[in-house]
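What TrEMBL records for this protein:
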{"type": "BINDING", "residues": "His231, Asp233, His287", "note": "Fe cation binding site"}
{"type": "DOMAIN", "residues": "213-347", "note": "domain 'Fe2OG dioxygenase'"}
Amino acid sequence: MGKMAATVGSVATLAAEPGEDAFRKLFRFYRQSRPGTADLGAVIDFSAAHAACGTGPCAHKVLRSQLSVSSVSDHDAHRAGLQPVSKWQAYGLQGYPGFVFIPNPFLPGYQWHWVKQCLKLYSQKPNVCNLDKHMTQEETQDLWEQSKEFLRYKEANKRRPRSLLEKLRWVTLGYHYNWDSKKYSADHYTPFPSDLAFLSEQVATACGFQGFRAEAGILNYYRLDSTLGIHVDRSELDHSKPLLSFSFGQSAIFLLGGLKRDEEPTAMFMHSGDIMVMSGFSRLLNHAVPRVLPSPQGDSLPCCLEMPLPAVLPRDSVVEPCSEEDWQVCTSYLKTARVNMTVRQVLATDQDFPLEPMEEKKRDITTEGFCYLDDESSQVKRVKLNPDS
């Protein structure tokens with residue numbers, strides 16, 4: 001299988017830097033990789049037809065995963081913009097129990113609702129974002145309204161300054177993650193979006209996690225030069241519940257490693273609409289995103305995003321109509337970007353947060369937060385990349 005051919009030799013010829021672990025070496029290799037060459041030959045592509053057939057040099061790692069088809073009704077799946085669970089494909093990886101990869105299960109056009117929510121609604125106050133560190137609340141009050149005209153006419157003026165949405169790197173939802181203390185707290189919470197909670201509950205239920213509660217979300221906004229550093233998501237108090245990841249826009253390379261960074265990770269593509277579930281043993285593994293891949297056709301959208309959201313939606317759908325103007329803004333943004341939503345349950349049933357010293361409560365995370373993403377255009381280099389590494 002072409003997309004899964006081995007490139008061990010290419011990686012082996014990359015000289016290790018002093019003190020560099022196996023994960024960091026592969027992260028650096030893919031960070032410098034050249035799309036369209038043998039550099040990406042060992043990256044698993046779950047959306048490729050051969051992945052389902054179990055053939056190819058890397059296919060021995062790919063396993064079929066069973067879903068709880070009867071646990072989610074076709075109607076509830078449709079309400080969230082998803083195909084019936086019976087039509088989903090689900091895969092795991094040998095050596096990674098609890099990891100589930102679901103290639104794009106969204107109905108045609110329905111991804112646009114989630115893209116629009118990430119750009120237009122979830123970025124609004126009182127949610128917290130990376131821009132809060134350098135700007136007043138009034139300046140970040142409505143990033144969409146301040147940016148939409150810039151984005152609609154981006155092609156006509158490529159030398160213009162970047163809009164605020166293009167400077168957005170992360171947003172937190174629900175229990176707001178404190179990037180400094182690496183903790184959640186009861187006193188820094190805003191209501192979790194009901195539509196995203198519903199989507200997350202359907203996916204978790206289909207994967208066997210009935211009763212999952214969406215309590216915290218971290219949205220990452222990637223430019224083509226952005227990376228996500230090596231880290232482990234361990235700050236949630238209940239690790240028995242899964243971590244859900246939803247990707248939209250340009251494709252990226254995801255690295256899934258082991259409990260320690262001296263274990264070489266497995267590389268896989270994340271395409272628009274793909275969903276990952278990390279649970280059990282895989283819940284606390286090192287992972288990272290070393291590369292966002294530009295479209296081979298230049299500034300263009302993945303083919304699964306070429307169709308707009310249907311004009312007629314189910315009456316009780318959590319998905320809302322998307323106007324022509326909103327669709328144009330989102331299209332312009334995603335031609336050179338990727339958006340990822342990660343959703344977590346923080347507390348077990350009937351669990352409370354532990355009491356914190358008063359000094360912790362006095363911290364203002366909107367002014368002390370660190371950026372989760374790194375990119376080459378950032379004014380401050382080598383900011384703290386990971387919440388948990």
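Cβ coordinates come from backbone N, Cα and C, glycine included.
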Since the record lists His231, Asp233 as binding-site residues, which of them has the fewest other Cβ atoms within 10 Å of its Cβ?
His231
Residue counts (helix, strand, coil, in that order) that DSSP gives for the domain 'Fe2OG dioxygenase' (213-347):
19 helix, 49 strand, 67 coil
